[in-house]
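Peer 1: Mind having a look at this structure? Questions to follow.
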Amino acid sequence: MKKQRIVVKIGSSSLADSHGGISTEQLSDHVAALARLKEEGHEVVLITSGAVAAGFSALGYPSRPVTIKGKQAAAAVGQSLLMQAYTEEFRKYGIVTAQLLLTRSDFSRKEQYSNAYATLGELLNRSALPIINENDSISLEELTFGDNDMLSALVSGLVSADMLMIFTDVNGLYDKNPQKNADAKKYYFLPEVTEEISSLAGDAGSKLGTGGMKSKIDAAKTALSLGVSVFIGTGRGQEKFVDVLKGKGDGTYVGNAPQKEMKMNKQWIALHSLVSGQIEVDAGAATAIIQHGKSLLPAGVTNVSGFFQVGEVVEVVTQQGRVIGKGQCTYSAEELRDVKGMQSQDIQVRGERHSYEVIHRDHWVSL
């Protein structure tokens, strides 16, 4: 089996015991299986939930807290307990672990996003096993990842993973709830995530987790768009992750055909960047960009909205108002208003400018 880069996401329900603490048995089972992946020569990144579930009982809560301050306090206690347990277990296999705590804002800021990319690359090159969790103790509720499902998809794209394995307490996707319907049909393979498939997944999470099957399907769709195939399911024993790579996993495989990966810069533009303004273009420019992969030039710009600086991301629309994509603009809004509609040869070189593209095709993403 060729060396692969694997991202494994383990949810709260697959880690915590019935009382809310860390299940030593389950955690040891996961670590043994992850160590087997490393033993087979694969690079592994672990996305783990469980900080809140691990910490709430230590603070005296009888059950998982429902308030934001309660959840964040539990996460502050539980994250250290969770990491300590992982580190001790991985040490038995001679594996060095590294902790990264991320929030949504880390992805929206280009510099921090690039730093995360560089750090993960160096850790993997050094044969360490990165363990990533959302920084639950400071995350804003409206900016969370959904039990780390979406975080796992975004990280899998960031590191150009070959596969994302989302492990949960359900063995795959069904056409109806298998716990309530004996005739529920299981999907063993899905070539893509369609609207019909998305509608089958419920929103409810488990008692100890916040991400239901809907968030896992959404994560799978995002991972596929980034060129990463996905497995959603469950399993036990040391060989469970290796079995997934062999096509013998107990769950649903999603889009396991080779995909074209998206470059890091374009991932950031497409999924994480904040839009600072809007550029309207004529029909000729829209066709050149979308159908022929050309850069956007000032001649095709018909209107500029907002106040943005050089390097900020802007949305591009047709004269009918249809959004066709977004990209990093090489002009400020003020500069672009001065040169919109002009031919390149008619524009005076300003400052250190060496090119006239408004948005270069390498910094453009179609929507």
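In case you wondered, yes, glycine gets a Cβ from its N, Cα and C as well.
In case it helps, Swiss-Prot gives these features for our protein:
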{"type": "BINDING", "residues": "Lys9, Thr168, Asp169, Thr210, Gly211, Gly212, Met213, Lys214, Ser215, Lys216", "note": "ATP binding site"}
{"type": "BINDING", "residues": "Ser49, Asp136, Asn148", "note": "substrate binding site"}
{"type": "DOMAIN", "residues": "276-350", "note": "domain 'PUA'"}
Peer 1: If one measures from the C-alpha of Asp136 (substrate binding site) to the C-alpha of Lys9 (ATP binding site), what distance in angstrom results, rounded to a whole number?
Peer 2: 16
Peer 1: Given the binding-site residues Asp136, Asp169, which one has the fewest other C-beta atoms within 10 angstroms of its C-beta?
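Peer 2: The binding-site residues Asp136, Asp169 were compared, and Asp169 has the fewest Cβ atoms within 10 Å.
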Peer 1: Just to verify a number: CA distance, Asp169 (ATP binding site) to Asn148 (substrate binding site), in angstrom, no decimals.
Peer 2: 15
Peer 1: Hey, of Lys9, Met213, Ser215, which of those binding-site residues are within 10 Å of Asn148 (substrate binding site), Cα to Cα?
Peer 2: Lys9, Ser215
Peer 1: DSSP-wise, what's the residue breakdown of the domain 'PUA' (276-350) into helix, strand and coil?
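Peer 2: Breakdown, helix to coil: 21 helix, 25 strand, 29 coil.
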Peer 1: Taking Ser49, Asp136, Asn148 as the record's substrate-binding set, what's the max Cα pairwise distance in Å, rounded to a whole number?
Peer 2: 10
Peer 1: Around the C-beta of Asn148 (substrate binding site), how many further C-beta atoms are within 10 angstroms, looking at every protein chain?
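Peer 2: Its Cβ shell of radius 10 Å holds 30 other Cβ atoms.
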Peer 1: Roughly how many angstrom lie between the C-alpha atoms of Lys9 (ATP binding site) and Ser49 (substrate binding site)?
Peer 2: 8
Peer 1: For the binding-site residues listed here, Ser49, Ser215, which shows the highest count of neighbouring CB atoms within 10 A?
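Peer 2: Max Cβ neighbours within 10 Å, all protein chains included: Ser49.
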Peer 1: Can you tell me the three-state DSSP label for Ser49 (substrate binding site)?
Peer 2: coil
Peer 1: Compute the C-alpha separation of Ser49 (substrate binding site) from Ser215 (ATP binding site), stating it in Å without decimals.
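Peer 2: About 14 Å separates the two Cα atoms.
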Peer 1: Starting from each candidate's C-beta and looking 10 angstroms out, tell me which of the binding-site residues Lys9, Met213 has the most other C-beta atoms.
Peer 2: Lys9
Peer 1: What mean pLDDT score does the domain 'PUA' (276-350) have in the model?
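Peer 2: Its mean pLDDT is 93.
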Peer 1: Can you see whether DSSP assigns Lys9 (ATP binding site) to helix, strand or coil?
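Peer 2: SS state of Lys9 (ATP binding site) = strand.
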